[in-house]
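Undergrad: Submitted below is the structure of interest, expressed as structure tokens.
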């Protein structure tokens, strides 16, 4: 009763501004202090600045007189909001009076109307929140692009229209109505400006706005009037408030507004879908249809998701929504089957129509129902697409057809018909996103599970397993299928274990147990079928995969009937020209299956009798298959002959080979031409002929074998191995001369390096056969072999030739052959060849005879090998007592040996000088060493030395000292310093100065004396001078 009296007392304060207060009706509106200003305005009413100044002063006085607000609001303050105090109510009346008199003078002043309406709003709507003030401040700073972006405007409308306080809509209804009426007057005076419209429409978003204005038709008509009045460039600002109002109001009215906008701009569809699902009363059917619509548009590049989602992601969102609200979105199983039957009937009717008779005019056919998607809703009832006229403005030069999809009930949110989820997933999902079939099939099955259609879900899983073509999709479906089966079994077991269910009369325990048994049996069968299902997936992906067919056959194990069925299906399915891998093993294994009597029992015995006739039929069929390669066809014939041999049908095997190797009249067929059937190229298959020759060698006669080999060589398909086999066969049968002729024929057919292998075998066989009996013939053969032999291959032939001469000929001729070999072989073999030559010359003629060989070796060998040969040469001279010659050879070799890389050489020379030399020779060796080191002391040589030392595993060389570098740069100055130091030592020892006689001999770049051995102090007076002829 107290609350009623409070409301009545508060309601009595209103209306405040209706009718408009005037000084006549409300004398307190003009205090005595304001009379001068009022008189001034009466005399000069057209001065807008005076009016605004007067209003500003009045607002300041009202604000100063306003009492301070406490922390806790009283009931009056909660209901009346800003108008809770008498000072505020009087101030409102006073301001309204002044504003109304000013507007009467300036009815089209935008500045005056805006200030007036904002003032009225502040007393009715309350105060904006801090977030709303900040949002409006940020919006004011944005550019012109923001004013046309409806998405940002919609978000801004939600942020910028939040208030605290406000006048109660019941108590202050009269004041709310007066505010709305004032807004109507403002937009009538300023109809073409957007701000007045936005201020007026913003009132309708206030949470305390009376429902008669907010939820009724008034708000919708006000927004529509704004869209009709303002130019299209400003419609975005209106739509931002309009859509926000539609979200606040909700219901059918709000949904109709959203549908109107989304027809023009579908970019906000995802936001609207979120709103539909998060509303107090979710509308999943409409949301699903919206999702399906944008998924289809995105797939046709007619829609771009603001959230960056792909068409597939949008369709998955639709599928997830269907899974979540299965009962509210999709049809039941009966409805789905009925719709499928209708579609099939329509398709059969269209396919069964008779073709038009020639000369008869075609009659227009009646447009079918919307099942085939041929209808488009333009306005009113559905009309055929062909009857929809293209709208063309009067002033337009041309018009284009709108890029929109034809009308479909599945994408019309206003249509209450439930969706055919199964058909949609098959048409829009599985046929479009074939690489994501696993997710789509499991989603469809989950939909049926959520609806309780477990049999339909099981059938869906089975269809998915039978349709996917990737292991990933198969695994996804199979795991979901197994999980569903386990869940069903667990649920049935829990139901049987629940005692409450046993006491329930409606619970049929026997039926539940029977269903549980069936489920468990199906689950076991599913697990057993997994290898076969995986194999099916791989074969669907590539039915020409031979290996997978072999795995399929192996999976059947001992089931002979299934094995035969798998073989037959594989051979009927595989395209021989597209087979992956060799195809012939399938035919061979199939024939062996019959040959061996099928699978074997536990004792290893065949379960059936061998069936050679059936095996021969399979081989016969295989010989007519157009394989990709001739070798596969050759393998078939060889395996067929092998089967006959295993069954001791030797004559039949020979006949098969004769049949397979039949030579046609036209032998100029290109063996490598894949356009020619392999059967026509089979006679040139070396594999087939090789098997035939081996077969003849085993069970045939010598003459028949020779005939086969001769035919191979006649067809010019023989290789080196065939030549060797043929010659070896003749040799084993004591046809030695014929075997040698075969070698010669092979040499004529082939060039090096293949001819080298034949020569190598031929010569070794010839020498082994005749030895020294036919020496001249053997020499001719060797000369013939070496005549065109490349230097890369001639070394073994020279060695064999020389060995022949050593064993059966003359040593002098052998030395000549070694000499020829040393100058003929390639550079990498010369060092070894000279080593052999020197060893043979030493053995036959002694050490002195090797001097000219060494000299020729030093001229022809590379630097590195020359150094090694010099060391050997020097050792030989030292053995002969020729010390000076050995020293000269060391000096010659020094130019090739970097001390940092070849320390062994210098150590050997050092030891030589210590053992056989003098102080002068030792000093000369040191001088040469420094000169050589100087010649190698360059950046490139140093890097090469480092690399060579690293490859040898020794310590890396380091740079010489400054003094050594200086000495290397000036070898003569270094020698003078050394001699001066030696003289000083002698003076200290002998007490008198010592002088060293100098000699002026010519030296080369490395400091080696180029004078004769007889000149200078370093000459050996006992040296023996010999000419080359005396060797």
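The backbone N, Cα and C atoms fix where each Cβ goes, and this holds for glycine too.
When I checked Swiss-Prot for this same protein, it listed these features:
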- 353-368: compositional bias 'Low complexity' (COMPBIAS)
- 346-368: region 'Disordered' (REGION)
- 948-969: region 'Disordered' (REGION)
- 1003-1031: region 'Disordered' (REGION)
- 28-60: repeat 'HAT 1' (REPEAT)
- 90-122: repeat 'HAT 2' (REPEAT)
- 214-248: repeat 'HAT 3' (REPEAT)
- 250-269: repeat 'HAT 4' (REPEAT)
- 452-487: repeat 'HAT 5' (REPEAT)
- 610-646: repeat 'HAT 6' (REPEAT)
- 664-698: repeat 'HAT 7' (REPEAT)
- 700-732: repeat 'HAT 8' (REPEAT)
- 734-768: repeat 'HAT 9' (REPEAT)
- 773-807: repeat 'HAT 10' (REPEAT)
- 845-879: repeat 'HAT 11' (REPEAT)
- 881-915: repeat 'HAT 12' (REPEAT)
Undergrad: Restricting to the same chain and to residues at least six past its boundaries, which positions have a Cβ under 8 Å from a Cβ of the repeat 'HAT 5' (452-487)?
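TA: Same-chain contacts beyond the ends: 332-333, 422, 430, 434-439, 441-442, 444-446, 519, 522-523, 526-527, 530, 533-534, 536-538, 540-541.
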Undergrad: Per-residue pLDDT averaged over the repeat 'HAT 7' (664-698) comes to what?
TA: 91
Undergrad: Across the repeat 'HAT 6' (610-646), what are the DSSP residue counts per state (helix, strand, coil)?
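TA: Split into helix, strand and coil, the repeat 'HAT 6' (610-646) gives 28 helix, 0 strand, 9 coil.
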Undergrad: Provide the three-state DSSP residue tally for the repeat 'HAT 8' (700-732): helix first, then strand, then coil.
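TA: Tallied per class, the repeat 'HAT 8' (700-732) gives 26 helix, 0 strand, 7 coil.
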